[in-house]
Amino acid sequence: MTLLPGSTIGMLGGGQLGRMFTVAARTLGYRVIILEPDFQSPAAQLADDHLIAAYDDETALAAFGQRCDVITTEFENIPAQTLEFLAQFCPVRPSAHAVQMAQDRRVEKEFVRACGLLPVPFAAIHTVADILAAPSSIQFPAILKTARMGYDGKGQMTVHSVAEAEAAFAQLGGVACVLEQRVELACEISVILARSVGGEVRCFPVAENEHRNGILHQSIVPARVDAALAQAAQAAATRLADKLDFVGVMAVEFFVTRQGELLVNEMAPRTHNSGHYTLDACVTSQFEQQVRMVCELPFGDTRLLSPVVMVNMLGDLWHDTHPDWLALLQSPKTKLHLYGKHEARPGRKMGHYCTLASELDEALVAADRIFQQLQ
Ligand code: ADP
Ligand code: MG
């Protein structure tokens with residue numbers, strides 16, 4: 001059933017993705033209630049209401065569920081049980097099943113394989129013996145990653161030998177991990193897509209992503225890859241969404257190897273940092289599209305209106321004071337987005353900006369000049 005403006009959307013998680021969703025939803029006239037344990041949250045500042053509770057607090061969840069017409073998420077590590085519990089009150093989109101698939105790198109990579117796509121060569125590591133038994137397809141250097149809860153390059157260590165892998169496994173606390181081949185990358189790309197309750201899919205234009213220290217630095221759109229590769233990535237992401245029976249907005253990150261192979265890196269069952277460019281450069285943003293999907297509205301147009309470079313602003317740019325905002329704001333084709341986080345910490349995502357230009361090269365140069373000025 002279509003939920004019209006005036007309906008109430010519940011959002012699990014109160015970070016920047018929830019904040020930008022809240023802006024899109026409230027612009028369309030929906031009410032938004034955030035459930036998030038932290039009392040200071042970027043999304044709650046702008047929402048109609050904020051329930052401060054743990055994700056496993058069933059009393060709070062029941063109160064939340066009773067007030068919402070539909071519930072969605074901005075955080076992939078919401079326990080599947082929470083999503084299942086909430087589903088007794090109203091539709092939860094995406095489902096517990098779809099979200100769960102992206103919570104554990106082992107499950108995710110097996111799923112990618114089962115869909116006939118290629119993950120990065122990997123081995124599941126539960127004990128030291130698994131490191132010794134890792135298949136010969138994984139050569140050193142390799143990357144040991146915790147199976148769960150990693151983000152922005154956290155919980156990952158590059159290792160050059162079995163001995164280093166053993167030490168890294170101990171350092172990561174002996175928790176379940178994957179040992180992954182470190183791939184020689186030509187580039188990284190991502191696909192953000194929306195899938196409706198009826199199973200229709202619309203992809204946004206492919207983004208080319210540059211990471212620094214495991215954290216996204218900038219997204220460049222359109223991606224500088226050939227059209228066939230971009231289409232293959234969109235087709236692969238669509239297949240994953242179909243097999244998950246996904247409803248909402250999701251993202252798939254890909255590696256393009258030096259040999260031109262397309263490997264699936266990981267999936268996110270939510271809007272994605274590499275889709276922030278859609279806020280300023282597409283007819284419809286990824287956040288509006290999420291509103292549309294969870295409320296069973298028609299798709300918004302995903303067309304790109306201008307070449308764009310989106311640059312993340314990490315807490316590292318905050319020294320004793322704020323960065324020089326005027327250096328940024330004096331560029332008339334640059335759009336600033338700040339997330340309302342009170343404390344700047346190194347590596348913490350504080351905001352981003354999008355620089356538009358009629359030519360992509362021009363946008364790249366201008367975005368980089370601004371980044372230098374913000375240092
Ligand atoms: P996170 O969940 O922290 O985003 P990712 O697995 O996406 O974790 O890793 C973050 C970044 O680290 C990637 O976008 C890529 O730049 C680099 N990276 C991760 N795994 C590999 C790999 N196997 N080979 C080469 N680079 C990698
Ligand atoms: Mg990633």
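Here the Cβ of each residue, glycine as well, is placed from N, Cα and C on the backbone.
Automatic prediction, not curation, is the source of TrEMBL annotations.
Here TrEMBL flags R105, K145, 150-156, 180-183, E188, H211, 265-266 as ATP binding site. Around the Cβ of V183 (ATP binding site), a 10 Å sphere holds 19 further Cβ atoms from the protein chains shown.
According to TrEMBL, the feature domain 'ATP-grasp' maps to 109-295.
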### Query
Which binding-site residues of R105, Y151, E180, N265 contact ligand 1 in the sense of C-beta under 6 Å?
Y151, E180, N265
### the domain 'ATP-grasp' (109-295) [mean pLDDT, rounded to integer]
96
### Message
Which secondary structure state does DSSP assign to R105 (ATP binding site), in the simple three-class scheme?
### Response
helix
### Task
Would you count the other C-beta atoms found within 10 angstroms of the C-beta of R105 (ATP binding site) for me?
24
### Message
Going by DSSP, is N265 (ATP binding site) sitting in a helix, a strand, or coil?
### Response
strand
